[in-house]
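Per TrEMBL, these features apply:
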| type | residues | note |
| --- | --- | --- |
| TRANSMEM | C:7-25 | transmembrane segment |
| TRANSMEM | C:31-47 | transmembrane segment |
| TRANSMEM | C:54-74 | transmembrane segment |
| TRANSMEM | C:86-106 | transmembrane segment |
| TRANSMEM | C:118-135 | transmembrane segment |
| TRANSMEM | C:155-177 | transmembrane segment |
| TRANSMEM | C:189-205 | transmembrane segment |
| TRANSMEM | C:258-279 | transmembrane segment |
| TRANSMEM | C:309-329 | transmembrane segment |
| TRANSMEM | C:341-360 | transmembrane segment |
| TRANSMEM | C:367-384 | transmembrane segment |
| TRANSMEM | C:404-423 | transmembrane segment |
Amino acid sequence: MTDFLNAIVALSNFVLVPGAAYGAQLALGALGVTLIYGILRFSNFAHGDTMAFGTMATILVTWGLQSIGISFGFLPTALIALPIGIAITGLLLLGTDRAIYRFYRKQKAAPVVLVIVSIGVMFVMNGLVRFIIGVGDVNFADGARFVINAREFKEMTGLDEGLAIRTTTLITLVTAAIAVALLFWFLNKTRTGKSMRAFSDNEDLALLSGINPERVVAVTWLIVAALATTAGVLYGLDKSFKAFTYFQLLLPIFAAAIVGGLGNPLGAIAGGFVIAFSEVLITYAWKKVLVYLMPENLEPSGLVQLLSTDYKFAVSFAILITVLLFKPTGLFKGQSV
Amino acid sequence: MAEPHLIGEAMTGGYGRGADILHGCTLSVDKGEIAVIVGPNGAGKSTAMKAVFGMLNLREGAVRIGGEDITHLSPQDRVAKGMAFVPQTSNIFPSMTVEENLEMGAFLRRDDIRPTIEQVYDLFPILRDKRRQAAGELSGGQRQQVAVGRALMTQPSVLMLDEPTAGVSPIVMDELFDRIIEVARAGITILMVEQNARQALEIADKGYVLVQGANAYTGTGAELMADDEVRRTFLGG
Amino acid sequence: MTARGFLLYAGMALLIVLTGMFQGWNLALTILNMGLISAIMSLGVNLQWGFAGLFNVGVMGFVALGGLAAVLVAQPPVAEGWNAGGLRLLGALALGAAILVGAVQVWKRKIGGRMRALVMLALLIGGFFLFRASLDPAVDAIEAINPSLSGYLGGLGLPIIVAWPVGGLLAAGAAWIIGKAALGLRSDYLAIATLGIAEIVIAVLKNEDWLSRGVKNVVGLPRPVPYEVDLQRDEGFIATAAGYGLDPVTASTLWVKILYSGLFAVVLIVILFLAQRALASPWGRMMRAIRDNEVAASAMGKNVTARHLQVFILGSAVCGIAGAMMTTLDGQLTPGSYQPLRFTFLVWVMVIVGGSGNNYGAVLGGFLIWWLWVMVEPLGLWAMELITSGMDADSWLRGHLTDSAAQMRLMTMGIILLAVLRFSPKGLMPER
């Protein structure tokens, strides 16, 4: 029985809890991608770098707050800085839209043109981030590291395995839940939110109904700024901030959005968790769990890791391809084929 | 004779810079009347209606509603002037519920829209039962009802329908025509394009037969039905 | 080519000559060589985007496969490695392939829906463990042999030039797999799929030490041209160099680079010639017809997806060839150095700036953007020094700005791309 409990704890500690946190971060990222796809109708390659920019802005504000002696008790200071980071990113995105995207929207350019334009934006944002904060690792998490650490857990329960819950994990889950709840409340209950869904559903009819497209687009960018910055800051708190890592997040985020069905917010959330758990499950060394479950003489000698962690992209990719082959509109019905 | 409520007078024009499709076409409807545009394929029926709604540029002619010249207004502005348009396809928001579709129809209104929603539900009772359901999941006929309901939400004085019965079964078609008569009785002017010319002319106060973008025959529905030439050429005997 | 084209090419040549005169011929030739390779990559992407409107953002992966080909073809085989587990490893790979083919066959059978899926799943999962069980010991055995120097299987020991077409073939194979899965869906999906395959190729190169030594890199690849030290010992060469008034060391460096330029130029010209012929052929016309109106083309009975697969494979193969050439030029395979911004998106900037749909434009874009990529760094530093010249020598901002000048590259490329898209969307040399 204790063995079984130990196995469960080990599983939670190394797979379930980190997977849930990562899933929440991907889900927030994928929501941003899916909203842009639904409203502006293109795949935004600059999304990873938007997340990086938002995180950078938040980090700079965090440093500013710390230098004047403001902190947030056992929570990271970055949480106070987050709204300001979101505001700065929102301004940047609105500016980008005004200066760049709007021109192509007026021309009714093909989606692929907008994708290429977003690649240009990606370059500029990436350069901007590198220029301002550099390419190195930035660790900006402060406050208490653990809500409950492994040693305390062991003492409390008397088990051999510890369950450590990091503050950042808890913050990630709580913040993501709040953000998603707010988003869905906004989309389903407010006039502006409904007009966004209407615009995403049927642009021409939305125009006939008197919905102002420019306003819908502006609101979308602001929401995307909030989602991207939040996702980026949570990811950065959980791991660390590095410009290039954020660019690489593009692949699992797109995979999550497509697996869930592009343009479908619920799907984006589901997709985020599907991708995150598959990555963690397949790249986890199962030995730690199996030693408790197997009889002694059958205990595995190796790590029992299906794929090395370096192949985590391969996992999102494989899921993506499977979905594209068998259900191109995603698990939840998306907009495109 | 008094000016009709809605008139598109001697309209000439086409899409973008392309060739003219309409050649001096005139359409007019009185308040609370039903006018039906029929004619062979490619006669410019839908185009004529879109011209009235401002979806293409007129080179000549004018459109007036209640005596006011609206020739140069955009479709959105015409909605504010009391026109409502139900496109032939993609005329609902499929992922939104029936009720949300109606709310979106009333997007420009700032007053209480509850009574209007109730009126639409009274007109199409099935929609009241399905109001929490996504419009895209409804049957073809029900979707058309949603589309008409959405258009009615602006409390228009003119309702324009582009082939509302395309692709629905004959029973549903009769039902839909009954509803349209009911809408007209409420004082709303109706202009519609129909493929099912015979049935449409039966309910029409006024019929327009267009050929190659110009008026070929005009009269009351009954007159056109009685006209041998029209019957032979357009109604199949 | 039009008069405008000639002028642009002359201008490009002038830029390289000026670089040589002011910054040294060594740098000018280095830029020229990478410019030639970039031009080939750019041609490859232009084949896909310009001809067919296919959106491939996995250029990096195909380039890296070309690099792998250089190792597999040219490095001497490691006998100990082969003895330790070479055949076992090949057997394991064959088993893996057989399992995949088996799974596909099961899927293609039109029998019992649920049963079919279960059988396929069981085959795949069971097969995976079987595959790992046979692969892992072989890999361990190979990687255990002298890991600091070899620890891999090596290659075939053939001349490295052979690696160029082989690189093309490897890239073509990968393109076939990815094209089968993602072509025929909307363009964004192909983009994401290619982005993914590129990351996977790099992950394989980084992690499969038995194949490519991973992050330990393969250095000292054989060359298709003489080594500088050999030239410097060659009496005849010293005499010729002296005739031009050059010392043997400088002369040998330059001569080696010129030889590379010659080889690369031949490949570029051949590919350019073929691409031009293809563009003008009925096949090329059909491609562009499909690009301009897919629906109409497929209504005319053209098999759009099959055509797309063809051109996707061809373009990827060209990128693979360029990748093999680049690794040859570098003399080493360093999987850690493949960055998507540099190898995928920069090539895209080349194509768009040069003029998509126009082969000469793509080539010009390759040279020009590569030249800029190299030059922006010193130019940025110079600009930063100019901007900060009024500041205190030890001010924080001045230090930060000069340190960050190196990051100007990406921003400059982005701005150039956006400017071209906005003001001259057809590029410097538009498609007629």
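From the backbone N, Cα and C atoms, a Cβ is placed for every residue, glycine too.
Where the annotation comes from TrEMBL, it is an automatic prediction and has not been curated.
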The transmembrane segment (C:31-47) touching the transmembrane segment (C:367-384) per 3+ Cβ pairs under 8 Å rule: yes
Tertiary contacts of the transmembrane segment (C:7-25) (same chain, 6+ residues out, Cβ under 8 Å): 1, 31-32, 35, 254, 360, 364, 367-368, 371, 375, 428-429
Same-chain residue ranges lying at least 6 outside the transmembrane segment (C:189-205) that approach it to Cβ under 8 Å: 54-62, 64-65, 67-68, 174, 177-178, 181-183, 211-212, 214, 333, 335, 338, 340, 344
When counting Cβ pairs under 8 Å to the transmembrane segment (C:155-177), the leader among C:31-47, C:54-74, C:309-329, C:341-360: C:54-74
Residues from the same chain, set at least six apart from the ends of the transmembrane segment (C:31-47), whose C-beta lies under 8 A from its own: 16, 19, 56, 59, 62-63, 257, 260-261, 264-265, 267-268, 271-272, 275, 278, 311, 314-319, 321-323, 325-326, 329, 347-348, 350-351, 354, 356-359, 361-367, 369-371, 374
Selected stretch (most C-beta pairs under 8 A with the transmembrane segment (C:54-74)) from C:258-279, C:309-329, C:341-360: C:309-329
